[in-house]
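Heads up, the thing below is written out as structure tokens.
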Amino acid sequence: MKLRKGAKISIVGTGLVGASAAFAIMASGLASDLVLIDINKAKAEGEAMDLGDAAAFVKPLDVYAGSFEDCKDSDIIVFTAGANQKPGETRLDLVYKNVNILKESLPQLLKYCPYAIYLIVANPVDVLTHVALKISGLPSNQVFGSGTVLDTSRFRAELAEYCNVDPRNVHAYILGEHGDSEVAIWSTADVSGIPLKEFFQLRGIPPISREKVVKRVRNAAYEIIQLKGATYYAIAFTIKRICETVLRDENSILTVSGIVNDLYGIQDCCLSLPTIVNGAGREQVLPITLEREEEVALKNSAQILRDVIKQAGL
């Protein structure tokens, strides 16, 4: 699994998320070309200059502010452009603002980058991924969202802390909407192949409070926004991780958001499920077995997203 030679990544939107993602990508050495695009050209230029000053400390990289035309031949387009989520505002409240931004930008990107992988990050990510697929007409492997990859990381971190183990040894998923209706999948959660209940018994750990864990995971972004105004570091690492598995053709299983049909009774809706991600993008969804309550909750999450899409006339 080798890195594509001369990989090019373009980031549309250089707010806190886009700029932090640029930093994470640059530090990782994933790309040889990194293009920053923003409606505020001065902001993009400033971010590019600031990052460029660190050129002596990373692998050779050409980072610069540009236009949509400069995205030509990009391997990945990372779309973070959108209004910020304000305190007390849900991700779904952003739909009207950010759908319009996407509609204005995507046709111009497609003109120069018809073969790129499009990673949608701006919120509400599931709705915007749905819109991007409809507008672009591109195949579903080529357009997908960051989904619940970060939520899954939060879930695993919570379980790891409780179990006092390395988070990388915890396997558990958050599925559905990246937002308030997301679903924690407890039935398949394990620590290095040992089901949680058995692991608790082996280690003499009392049963975990599922409600408290789910609440912390679901409300993490709201709490951070309340404390510091925005979330951007963890999502930056999320973006870097997704780009990494694409550029290195890793066949990693990530809970990215993409179109779902004929699974769990869900039709024509973008949400997150365990998915093989590689050089082709979102290659294959893995339909894991869920308990009845989990499947019902997942269907409910899908219905909430469909209702938003319908209300917005999308």
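Glycine is no exception: its Cβ is also placed from the backbone N, Cα and C atoms.
VAL17 is the residue from VAL17, VAL63, VAL170, VAL183 that Swiss-Prot records in the NAD(+) site together with ASP38, LYS43, GLY82, ALA83, VAL121, ALA122, ASN123, SER146. Within the set of recorded positions VAL17, ARG156, TYR222, the entry lying nearest in space to ASN123 (substrate binding site) is VAL17 (CA atoms). Measuring Cα to Cα from ASP151 (substrate binding site), none of the recorded positions VAL17, LYS43, HIS171, TYR222 fall within 10 Å. If you measure from the Cα atom of VAL125 (substrate binding site) to that of LYS43 (NAD(+) binding site), you get 24 Å.
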